[in-house]
Amino acid sequence: MTRKKRSRGVGSEGPAVFREKSTTQVDVEARKSQKDKKRKGLKSGNRNAEALDPKHYANGQKKDPRLGSKKPIPLVVEKKPTTKKERRLSAEQELDMLENDAQLMVLLDRIEAGEKLGAGLQKQVDQKLDRIEHLMGRLGLLEVEEPEVTEEAPVRKGAKTDEDLLDQFENMDLDSFGKE
């Protein structure tokens, strides 16, 4: 493949067009491009510099951040009035409140009627009933259910004791098992 020598003559693009600028325009553009090149990074100065707010200025001067608040500080510690804590109800009072709880009674009636409660209501009923049971236990009002004593099952006539089973094992003919 032969190489074509390029000519300097006017090609398909037409003659080159040059715009002449005045020297002042060239100088201005050069200065601008140099400034842009110089300012590639961040501004110099304090990293934590905050934006200037108008409230920092007082009478046209910058407010010194080192000056503190003008709020007076008490030098003597004053005792704060203590608020009275709610008295906890005694176990008897709490038990009376729970037993007379209208909402609990309504929910128990609904359960007895065969209605199924939602998970939240059922959980609430269970918690209140557990609390009532706990309080009754603390007050000694809870009747402890005695487990019923079940009689041991009578020994069947055909049942073998441990000694009988041991004798049977010892008298077994083990040779007859392996010859099948």
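Placed from the backbone N, Cα and C atoms, the Cβ positions cover glycine too.
The region 'Disordered' feature in Swiss-Prot is assigned to 1-88 (among others).
Taken from Swiss-Prot, the feature compositional bias 'Basic and acidic residues' applies to 18-33 (among others).
The compositional bias 'Basic and acidic residues' annotation in Swiss-Prot covers 50-67 (among others).
Taken from Swiss-Prot, the feature compositional bias 'Basic and acidic residues' applies to 77-88 (among others). Residues in the compositional bias 'Basic and acidic residues' (77-88) partition by DSSP class (helix H, G, I; strand E, B; coil) as 0 helix, 0 strand, 12 coil.
Among the features that Swiss-Prot reports, region 'Disordered' is placed at 147-180 (among others).
According to Swiss-Prot, the feature compositional bias 'Basic and acidic residues' maps to 153-163 (among others).
The compositional bias 'Acidic residues' annotation in Swiss-Prot covers 164-173.
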Helix, strand and coil residues within the compositional bias 'Acidic residues' (164-173) as assigned by DSSP: 7 helix, 0 strand, 3 coil
Helix, strand and coil totals (DSSP H, G, I; E, B; other) for the compositional bias 'Basic and acidic residues' (18-33): 11 helix, 0 strand, 5 coil
